[in-house]
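Annotated features in TrEMBL:
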type: TRANSMEM; residues: 102-124; note: transmembrane segment
type: TRANSMEM; residues: 130-150; note: transmembrane segment
type: TRANSMEM; residues: 194-216; note: transmembrane segment
type: TRANSMEM; residues: 237-256; note: transmembrane segment
type: TRANSMEM; residues: 293-311; note: transmembrane segment
type: TRANSMEM; residues: 318-336; note: transmembrane segment
type: TRANSMEM; residues: 348-366; note: transmembrane segment
type: TRANSMEM; residues: 397-417; note: transmembrane segment
type: TRANSMEM; residues: 630-651; note: transmembrane segment
C-alpha cells in the first residue's frame, strides 16, 4: 500500500511541477500572497495593496490597517517557498518578485498529489484492486479540476487534503488498533481546515456525527459493560475535540491580530449574501454546462454505482460520509450569491469535496467483483456472453469518463482561465454550451494555434507590441514598447510598412533602429512618420524595431502609463508569385513594470500567449541570464526526477 501511495505522490508532484504556470490567477491568491510578504517584511499580517498585483475583499482592522479575510494557513505554508524564491531572484527586485511568486504557486502541486495518493490508499483499504486504486488516484489528479487548481495558490487544494485526511482517519478509527491516534490526526486536520477556509467548517457537523458513530461502533464491539462503553466512547470523542484546539488557537490568534478580538473573522458582513434560489444554485453547481461538476470532474459519476456496490459490501459508513461531505458544500454554496466562484475554472467551491465523493468509485473495482475482472477471469468463473459484454462495457464507461475529464481539464491548463473569464462573450457562460469554458478554452486555443501556423506568405506580430488601438478590432494600428518584433515567413517577398515615431516635445528622442535577422537596416531620424519598403530574404526573416520609449503619463500627455515606442500603422506585401501577405496577430505586450498591470499581463486577452506554461513565460520574465537557466534546470531536474521515481515504483508493482 505504501508503495502505491508514494508512487502516485511522486509521479503527480513531478508532473505538476513540470506543467505549472508560475503565476497566480485571482485577487484571492494575490491577497494571501500579500499576507505572506507582510509577515516576512514587517512581521505583521496587514495587507499593503501596492505590494502585489491585485487584492480582494480587504477588511478594516487594527491600527487603521486593512486585512485579508481569507485563511492564514496557506500564507504560512508559503513562507519557506517565498524565501527560497526570493533568494533565486538575486538582487533585482522585479526578478525576486517573479521567482518568489513562482515558487509560492508550486505549493498546491504536492498538496494535490498527496490528496490523490491518500485517495488511492483509502480505496485499497476499502477492497479495491491495485489497478483501480491507482486509476482513481491518478484520475483525481489528472481528470478532474484538481489539476488546474494544483497550478494555483487558491486555498481549495489544501482544504481538499485536510478534509480527506480527517475523513479517512475518522473512518479508520473504527477498526484501527490505535483509534485515539487516528482521531487525534482527524481532529488536527479538521481544526487546521478552519484556518484554511472558514466556510469549509460546514463539514464539522458531518465529521462530528461520523466520529460519534465510529467511536460507538468500535466501543460496542469491544466492550460489554454499558458503563465502560460510555466512558470509552466519551473519551474517544474528547480526543477528537481536543485535537481541534491547535487549529482553533491559530484561528483565534489570526482574528486577534487582524481585528483585535478572538471571534471576528471578517466574514460577518457576508451572512446576507445567500440570495440565490436553491434550485438555481443546485443546477448551476451540478449540471450547468458552464459550471456543472459533472463536466469538470466526470469521474465523479463513478461514485453512483460505486456507492451501491460499497453499500452491498457493508461499507455504509464511508458511503454516508462521502455523500455527506459533498452535500454539505453543495447545499451551502447553492444559496451563495456568487456560487459560480467568479471567473475561475469550474465550480471552484466544490473542489474540497471532490476527493471524498470520488473515493466511492472504489466500489466500481472491488477485489472479487465482476466490474474489473479480465475477460479470461470471467470465462474462468463460467461467466459467458452477456456478463462478459457487461464487464467490458463497464470498463469502457470508466475509461471514457476519465478520458473526457482529462481532455476537458487539459483545456483549463493550456489556457489561462482568467483570460476566458474577462473576454467579452455573447453567449451565457453558465447555461449555454457555446459559452461554457470547457468549449471556449479549446476554441480560443485553436484560434491562437492557427494564427501561429498561418501559411506563407505571412508576417506575424510577435513580442513587444501593445494591444491594437483600432476601434473596429483591426490588427493595426498598434504601438511597440522599447522594441517590437515581426516574424515573417514570406520568402523573397516585398513588404511595405509605416512607422509613426512622432511624440510630444517633452518626450525624449527615440533613437530608432531597425534590424533584419540581427543585422542593422537603418537608424532613421527620430520623431517622424516614415514609409518603409523591404525586400525579404529567401529564408525566414525577423524584423526588430527598437526605440527609446516614452511614457504619456510621465510627460503629461495622457493618462496612459506605458512605455511606448513607435506606432505601426500599416503592413502589407506581396510574394514573388503575387500572393498578398497575411498579417497574423500573435502579439504579446511588453511586460509591465507596475505590479497590477504585470499581474494582468498573464491573462489580458490581447496577449496571444500560446500556452499557459512556465516555459513560455520564463524567457519573457524579469529573470534573465544564468538565473533563468538555473530556474529552468531546477524545475526540469526536480520534476523529471520525481516523475521518474514515481513511474519506477509503479512499474515494479504487481498490478
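Backbone N, Cα and C atoms are what each Cβ position is placed from, and that goes for glycine too.
TrEMBL annotations: computationally assigned, not manually curated.
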So which residues does the transmembrane segment (293-311) touch in its own chain, when a touch means Cβ under 8 Å and the partner is 6 or more beyond its ends?
-> 126, 136, 139-140, 143-146, 285-287, 318-319, 322-323, 345-347, 350, 354, 357-364, 366, 369, 371, 398, 401-402, 404-405, 408-409, 436, 438
Cβ-based contact of the transmembrane segment (130-150) with the transmembrane segment (102-124), 3 or more pairs under 8 Å | yes
Stretch with greatest number of CB pairs under 8 Å, the transmembrane segment (348-366) reference, 102-124, 194-216, 237-256, 397-417 candidates = 102-124
Quickly jot the same-chain residues contacting the transmembrane segment (237-256) by Cβ under 8 Å, restricted to those at least six beyond its ends, or write none.
-> 45, 72-73, 170, 180, 183-188, 190-195, 198, 211-212, 215, 262-265
